[in-house]
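Taking it in order: structure first as structure tokens, then the write-up.
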């Protein structure tokens, strides 16, 4: 039997990437705040703006990943490219959100910030986030779709031969 690969739809992948990004941000801010203040509540936070920011960023990194892997770029170079992309992405969103009066972050208190919208102090966390995105989130999201679709195609119908004529 030949197994066909049908990835999740772009909309489904955007959903997974949005949730992953927001969960990571809540976890990161909880740990960062604990490190700074020793607050054991680990009360992380994010903004609803993070949903489209992370969804689109990881979706674009997915495409970038494919190109870089096709060119056989080494892992450290890919991480550098992803990190630079993340900085450009965060800065661009920050400019737009600041213009709208809705920017939820301000890095002005950091030593190596640019307009309070990005900071070099986050280079290592962003590089690690890009590694996790490439090696786990994107790869497993694309593979999970194939396994999920294959299980559906092999499973017997739930109610015998009932078919649905309405498009879903």
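Sequential numbering from 1, following the chain as shown.
Glycine too: its Cβ is placed from the backbone N, Cα and C atoms.
Automatic prediction, not curation, is the source of TrEMBL annotations.
The feature transmembrane segment is assigned by TrEMBL to 12-35 (among others).
The transmembrane segment annotation in TrEMBL covers 47-64 (among others). Among residues of the same chain six or more beyond the transmembrane segment (47-64), those with a C-beta under 8 A of the stretch's C-beta atoms are 10, 13-15, 17-18, 20-22, 24-25, 81-82, 85-86, 89-90, 93, 97, 102, 104, 130, 133-134, 137-138, 142.
Positions annotated as transmembrane segment by TrEMBL: 76-100 (among others).
The transmembrane segment feature in TrEMBL is assigned to 112-133 (among others).
Residues of the same chain lying 6 or more positions beyond the ends of the transmembrane segment (76-100) and with a Cβ under 8 Å from any Cβ of it are 49, 53, 57, 60-61, 64-65, 68-69, 114-118, 123, 126-127, 129-131, 133-134.
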